[in-house]
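Student: Annotations for this protein, taken from TrEMBL, read as follows:
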type: TRANSMEM; residues: 20-39; note: transmembrane segment
type: TRANSMEM; residues: 67-87; note: transmembrane segment
type: TRANSMEM; residues: 99-122; note: transmembrane segment
type: TRANSMEM; residues: 128-148; note: transmembrane segment
type: TRANSMEM; residues: 155-172; note: transmembrane segment
type: TRANSMEM; residues: 192-213; note: transmembrane segment
type: TRANSMEM; residues: 234-253; note: transmembrane segment
type: TRANSMEM; residues: 294-315; note: transmembrane segment
type: TRANSMEM; residues: 327-346; note: transmembrane segment
type: TRANSMEM; residues: 352-372; note: transmembrane segment
type: TRANSMEM; residues: 384-403; note: transmembrane segment
Amino acid sequence: MTCQTAEMEGLGRMRISKTVWLLGILVFAAEIAFGYWMAHVNHFVAVDAFSRVANAYYVGYSRDPHLAAIGFVWNPLPSLLMLPILVAQPLYPALASSAIAGVILSGFFTSATVVMLCHHFIKRGMPLLFSLLICLLYGLNPFIFLYGSNGMSESVFIFFLVWIVITVADWLEKGKINSLIGASFALALAFLTRYEAVAFGACLALGFILLIWKQYKQNPHKSKYRELYNKIEATEIVLLTPAFFTGILWIFLNYSIMGDPLYFLRSSYSNLGQAAQLVNNATFSPLMGHPVEAALYISERIACFLPPLGLIIVMRLWRRSLFKTEFAVILLLIASIPAMQFLMLIKGSSYGWLRFFVYPLPLVMAWLPYELQKQKQSRGYRTSCLMALAVLVGCGIFTWNVMQNKSLSPEEYDAIHYQQSKALPLAMEIAADLDRRAEQNDRQKVLMDAFNAFYVILNSKRPYNLVITSDRDFEQSLRHPEQYNITHILVPDPNGIASLNAVNQRYPGFYDHGASWAALEKDYGGGWKLYRVIPQSETEDKRLLSP
């Protein structure tokens, strides 16, 4: 009888697992279908998503393929994860040209997050149907769904943050070292995905100190403070060592390859370099040095992601457990990234996009099973479950309304109300023209800064005729075009962020007037011009023929 019962329980767990994985597959399929339509059919791809795909593309398909071509400004993990996907690029070019590789990656991690959350709800004793419904509602939240389909790095980052919060909840319950190790590696991977992991990691480290202190105070057989210190020290070493060495490795690679250990932080392509444009921005300049205005700016954007946190507060008030250390820790984690954005807005180093404030939603979702498990001990458990479903529905509606507001969420508004791209069709036209020229002259070498020209590069069928930023001879080619056999230079109009383009930085006024050694070959319109590099011999011949 015991064996039969165990067998039935095993079959039941297997059915549950299959059902959860089916949910993940359905979410993944929906993300891929929508992302494919947006990117390949409708030609709308977020700039950052295209840039991440481009960084991976340069590693294998540029004129000078090498791993360092992945770049040293943005965190490398999303692009590294796209490398296996881009192996199929020769068979299906849209993986790069329409950034479908990014769509696959973001769709996979969003569906993986849904599966991980669902397993966590079930493990905490929640009914299967409820777990499926609440995780489906999370996956269908308009913001979560959009960012699971657009190739951006947020979905990858959210996966690791959710993993960390789940391990914290497990550690609180069982205190096993396995949970701590899982959190440590998730934090390191989060750092390789987005820099916000630094703020999150600092608050995570502080949170564990608070939790260990609480355990010490509640222990009736208190040991000496020395033992408390040793436990805190050991915990922090396990928790932070992978992330610490990951950060040191990133700094070392920046130094050894780019010549500056903080190249990712202070190069002209970095966030600080690009954010320098915000000084004259009508939206962000009033926030600089004004904490109250910055706080109001954040509150308007973060509000739509906070209703689930409100639910947890209500449940804790019901249980009279609001002022508990573990709740203070989750609040600390939720506040970590918004606090970082607050400081950056005051300093004028953040664009304040809506996506920077989404993290309370997935973090609370990861913590919610822990709260509902505690709620089982009270009479309000079923009511709390129904409220959780209702709050997730309301949160989705609230978020959708915010995404419809161009002033609050310009990126998401543009995606929803997108009509026709100007940049991508123009890039395809430029790439096709350069390909035709290269077919007529196989020795053609067109120099361009990938910072702005990645659309063109990814749509070119002859990337080996393009000299781009990741090429090891790019700087020398930019300084001495003829010496390095550069035949043409593609340059953007130096307005706004395009002023950081390497050609515009090296040769001010080049877009408008060219140079004595470069003549305008073609004006593509839309802020792009192609200049032909005049060979010195041709210049001398003209000089000799002139009267």
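Note: Cβ is positioned from N, Cα and C throughout, glycine not excepted.
Where in this structure would I find these features, and how exposed are they?
Tutor: Sequence-distant contacts of the transmembrane segment (20-39), counting only residues of its own chain at least 6 positions beyond either end whose CB sits under 8 Å from a CB of the stretch, comprise 45, 98-100, 103-104, 106-108, 110-112, 114-115, 118-119, 122, 131-132, 135-136, 139, 145, 148-151, 415, 418.
Remote same-chain partners of the transmembrane segment (67-87), defined as residues 6 or more beyond its termini with a Cβ less than 8 Å from a stretch Cβ, comprise 51-53, 55-61, 95-96, 101-102, 104-105, 153, 156, 189, 191-195, 253-254, 257-258, 263-264, 267, 269-270, 470-471.
Through the fold, the transmembrane segment (99-122) approaches residues 16, 20-21, 23-25, 27-28, 31-32, 35-36, 39-40, 45, 49-50, 52-53, 56, 78, 81-82, 85-86, 89, 92, 128, 130-132, 134-136, 138-139, 144-145, 147-156, 158-159, 162-163, 166, 169, 362, 365-366, 368-369, 372, 458 of its own chain, all at least 6 residues removed from its boundaries and within a Cβ separation under 8 Å.
Through the fold, the transmembrane segment (128-148) approaches residues 16, 19-20, 23, 27, 30-31, 34-35, 106-107, 109-111, 113-114, 117-118, 121-122, 154-155, 158, 305, 354-355, 358, 361-362, 365, 368, 385, 388-389, 392-393, 395-396, 399-400, 403, 412, 415 of its own chain, all at least 6 residues removed from its boundaries and within a Cβ separation under 8 Å.
For the transmembrane segment (155-172), the list of distant contacts is 77-78, 81, 105-107, 109-110, 112-113, 116-117, 120, 144, 147-148, 179-180, 182-183, 186-187, 189-190, 193-194, 196-197, 200, 204, 207, 211, 326, 329-330, 333, 358-359, 362-363, 365-367, 369-370: same-chain residues at least six beyond its ends, Cβ to Cβ under 8 Å.
For the transmembrane segment (192-213), same-chain residues at least 6 beyond its ends with a Cβ under 8 Å from one of its own Cβ atoms are 75-78, 153-154, 156-157, 160-161, 164, 168, 171-172, 183, 228, 231-232, 235-236, 239-240, 243, 246-247, 250, 271, 325-326, 328-329, 332-333, 335-337, 339-340, 356, 359.
Under 8 Å from some Cβ of the transmembrane segment (294-315) lie the Cβ atoms of residues 143, 287, 322, 327, 334, 338, 341-342, 345-346, 352, 354, 357-361, 364-365, 367-368, 371-372, 374-375, 380, 384, 387-388, 391-392, 394-395, 398-399, 401-402, 408-409, all in the same chain and six or more residues away from its ends.
Residues 113, 117, 120-121, 123-124, 126, 134, 138, 141, 143-144, 147, 152, 154, 158, 161-162, 165-166, 169, 172-173, 196, 283-284, 287, 297-298, 301-302, 305-306, 308-309, 311-312, 315-316, 330, 333-334, 337-338, 341, 345, 381, 384-385, 388, 395, 402-403, 408-412 of the same chain lie 6+ residues outside the transmembrane segment (352-372) yet bring a C-beta within less than 8 angstroms of a C-beta in it.
Beyond its flanks by at least six residues, the transmembrane segment (384-403) meets 126, 130, 133-134, 137-138, 140-143, 146, 301, 303-305, 307-308, 310-311, 314-315, 318, 354, 361, 368, 372, 375, 409, 412-413, 416 of its own chain at Cβ-Cβ distances under 8 Å.
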